[in-house]
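Peer 1: Have a look at the structure that comes next, please.
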Amino acid sequence: MIRSAMNVVLEGIKTAQLNFVVGSHVWIEDPELAWLDAEIIESKNQEITVNFESGSKTVSKSSNIYPKDPEFPPNGVEDMTRLAYLHEPGVLQNLHIRYTINEIYTYTGNILIAVNPFQRLPHLSATSTMAKYKGAAFGEQSPHPFAIASFAYRNMINEEKSQSILVSGESGAGKTESTKMLMHYLAYLGGRAATEGRSVEQQVLESNPVLEAFGNAKTVRNNNSSRFGKFVEIQFDQKGRISGAAIRTYLLERSRVCQVSDPERNYHCFYMLCAAPKEVQDVDKYKLGNPRTFHYLNQSNCIELDGLDDSKEYLATKRAMEVVGISSDEQDAIFRIVAAVLHLGNIEFVKGSEVDSSQPKDEKSHFHLKTAAGLLMCDVKSLEDSFCKRVMVTRGESITKLLDPDSATLSRDALAKIIYSRLFDWIVDKINNSIGQDANSKKLIGVLDIYGFESFKTNSFEQFCINLTNEKLQQHFNQHVFKMEQEEYTREEIDWSYIEFVDNQDVLDLIEKKPGGIIALLDEACMFPRSTHETFAEKLYQTFKDNKRFSKPKLSRTGFTINHYAGDVSYQTDLFLDKNKDYVVPEHAALLNASKCPFVSGLFPPLPEETIKSTKFSSIAAQFKQQLISLLETLNATEPHYIRCVKPNNLLKPGIFENNNVLQQLRCGGVMEAIRISCAGYPTRKSFSEFVQRFSILDPTVLKCPDEVTGCKRLLDKANLKDYQIGNTKVFLRAGQMAELDACRAEVMGRSASIIQRKVCMFLCRKHYKLLQLCAIELQRVARGAN
Ligand SMILES: Nc1ncnc2c1ncn2[C@@H]1O[C@H](COP(=O)(O)OP(=O)(O)OP(=O)(O)O)[C@@H](O)[C@H]1O
């Protein structure tokens, strides 16, 4: 377990606040429950004797004890920066208490912490709840993802700057659910009245079920786990209406298509299709049936999911596909390919008549081979050959090599995986094309829902890439919350006591430095035909023997451990080289390119001549690194907002809050450090000129001040504010002070508005009166018979 730098920081707070009086309550560290409440019964020379509720006693050093707030509000506080005693046990107690009363959202400054309720709480997503947050200032309503979305939307409109909302947390913590809420709310704020059936926002919303059908699966951690990362850019026009959107996806887990371990499932779409209702006749059309008869599904015993009706989901997915612009012909092709993948998985191979050759095992395998070829509309013999033979071109000569049954099976799986991943990419592209981008849009809100940090018993290449993503995002978070704050304070020369934080640049260097980082060494290994995972591991050990973030696990010959920001993770290198090679077997590409189905051949466009000849492989890790660079560039051009999702237990059940588990997630996500900084710092700032411009209404004479600093100070005094800071170019305010100033401004503006109204009213009445008077005089004149 890592101890964050927060603990060092907390020491300061603790000593300042400690008051170990006999009879008072404190928190004592406990290996099982993280922190336990105890009463002090004796305090002598830094040795404190305490009594637990259970009746047992213990003696502890004062440095291991935290004071407990005797006036802790019974329902906790909405913003942790308002905790009287800011320390880990206090934070944990607050989240726990709120969780028990179904208050799952809590702020720490501007960061929203969302604890997964594992049960539907309808009031949290109702339309009436959405209405409450519309136009409400941040902090006015209870913590909620809608408040974050509303804040981001308002910032976008007022500051004319793009925004992003980064949703993070471990698998099953609730990222996708929170993301969906954000998207619903943004559609509510920026949507048009529903006129036609396929508005941009509706398409954006309906893209969720489509992507989930093809990219989500049940895992041990989450029954509906997204096996890809997602960044949704929602574009807005000048009026703040949604005008376009783009979805970027990251690294779909391909291996799941062929390999599922108990009790997980393959991608939802396979089960949905097998359960398609009789009336649509797809099961017969695609020669499907019981999912247990398919190898790609029956490696796990888990076929059905509690509370999920695959048959209904099938129809719902098709409806959503319709909304996002996937035509019924395209839907047919998509499900035909999904069925073909299942049939491919059932082709087994046995030794053929020649040495080291292979052939389909039996009639059943031939049936599946023929069915798969029929569904993919390609030649059945060529399909068989693409599994059992390989054509090698050496020095201009082509030689046909026969493959043994094991290699043929691997080739079959490779085909299934590449077809599926191309299909997924096609779906994402299609959604993007049909929603359409607004080329004129200058403002967007991006929502990032990406896999959280992973550390399993066995970690492979996928975890390596996922954890690289999290290191990158952690650095972004660090930079934003910590570095930028502190750098700005230094630049502005304002009084600020520095806070230590764990900078992870060294981990990023270890992984992605060019040359010499792990990815560079992996790519190098992939380029040498004789490299194996052993030689790759050996190279890593030599290169990084003195690196503090790298070590060789004691019980492994080819593994390596990285000391990530969230803890140590050991990776097995066995499949690193294979998984890093983005290589489509030329026979597979040629076969599918020749398919009579334009949809299938479109997934495999002909490769340019030079690519076929070139032996240079394409590195998945390098591509992924590039995608991350571009993601980070986009994020850096936006104002970020953070939602940290927390999984309260691993049983995926409501009402259970496991202290240690939660604490670990809070530490990993930098939440503790963020609390400290929000509390201690000056989160609101405005340049002198902006400040004067915004608040000169409070005292217009400041516009005549010789310099802006004097003007700012005068305005701050006028509003009776203390404890602000004047930097070199900006005014720095404590949390909440801006709201006070805005309230004064609103009051003055309100008064001014009523004066203007009064004057205008008076002017209009007078005009009316004058007119009446003239008319009356004229009438009198006529009545008197004058000309
Ligand atoms: N706000 C919520 N209300 C009700 N249930 C929720 C909520 N958030 C999460 N859940 C439950 O927790 C499950 C997991 O949530 P979700 O799929 O959003 O996790 P995730 O963080 O996106 O996981 P992964 O990284 O595996 O995709 C959901 O399927 C749902 O059952």
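Just so you know, glycine gets a Cβ as well, placed from its N, Cα and C.
Annotated ATP binding site per TrEMBL: Gly169, Glu170, Ser171, Gly172, Ala173, Gly174, Lys175, Thr176, in sequence order. What TrEMBL lists as domain 'Myosin N-terminal SH3-like' is 21-70. Under the heading domain 'Myosin motor', TrEMBL lists 75-746. The annotation region 'Actin-binding' is assigned in TrEMBL to 628-650.
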Peer 1: Going by a 10 angstroms cut-off between Cβ atoms, which of the binding-site residues Ser171, Thr176 has the sparsest surroundings?
Peer 2: Ser171
Peer 1: Using an 8 Å cut-off from the Cβ centroid of Gly169, Glu170, Ser171, Gly172, Ala173, Gly174, Lys175, Thr176, can you name the remaining same-chain residues around the ATP site, in sequence order?
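Peer 2: Near the ATP site, beyond Gly169, Glu170, Ser171, Gly172, Ala173, Gly174, Lys175, Thr176, sit Asn116, Asn222, Gly452, Cys645, Lys647.
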Peer 1: Under 8 Å Cβ to Cβ from Gly169 (ATP binding site), same chain, six or more residues apart: give me those in sequence order, or none if nothing qualifies.
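Peer 2: Non-local contacts for Gly169 (ATP binding site): Ala114, Lys175, Gly452, Arg644, Cys645, Val646, Lys647, Gln665, Gly669.
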Peer 1: What is the number of other Cβ atoms found within 10 Å of the Cβ of Lys175 (ATP binding site)?
Peer 2: 28
Peer 1: Take the Cβ of Gly174 (ATP binding site) and count every other Cβ within 10 Å, whichever protein chain it belongs to.
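Peer 2: Excluding its own Cβ, the number within 10 Å is 24.
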Peer 1: Suppose we draw a 10 Å sphere around the Cβ of Gly172 (ATP binding site). How many other Cβ atoms does it contain, all chains included?
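Peer 2: Total other Cβ atoms inside 10 Å, all chains included: 22.
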Peer 1: Across all the protein chains here, work out how many other Cβ atoms are within 10 Å of the Cβ of Glu170 (ATP binding site).
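Peer 2: Summing over all protein chains shown, Glu170 (ATP binding site) has 25 other Cβ atoms within 10 Å.
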Peer 1: Long-range same-chain neighbours of Ala173 (ATP binding site), Cβ under 8 Å, sequence gap at least 6?
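Peer 2: The answer is Ala114, Asn116, Gly452, Cys645, Val646, Lys647, Gln665.
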Peer 1: How many of the residues that make up the domain 'Myosin N-terminal SH3-like' (21-70) does DSSP mark as helix, as strand and as coil?
Peer 2: 3 helix, 31 strand, 16 coil
Peer 1: Just to be sure I understand, if DSSP states are collapsed into helix, strand and coil, how many residues of the region 'Actin-binding' (628-650) fall in each?
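Peer 2: When I sort the residues of the region 'Actin-binding' (628-650) into the three classes, I find 9 helix, 8 strand, 6 coil.
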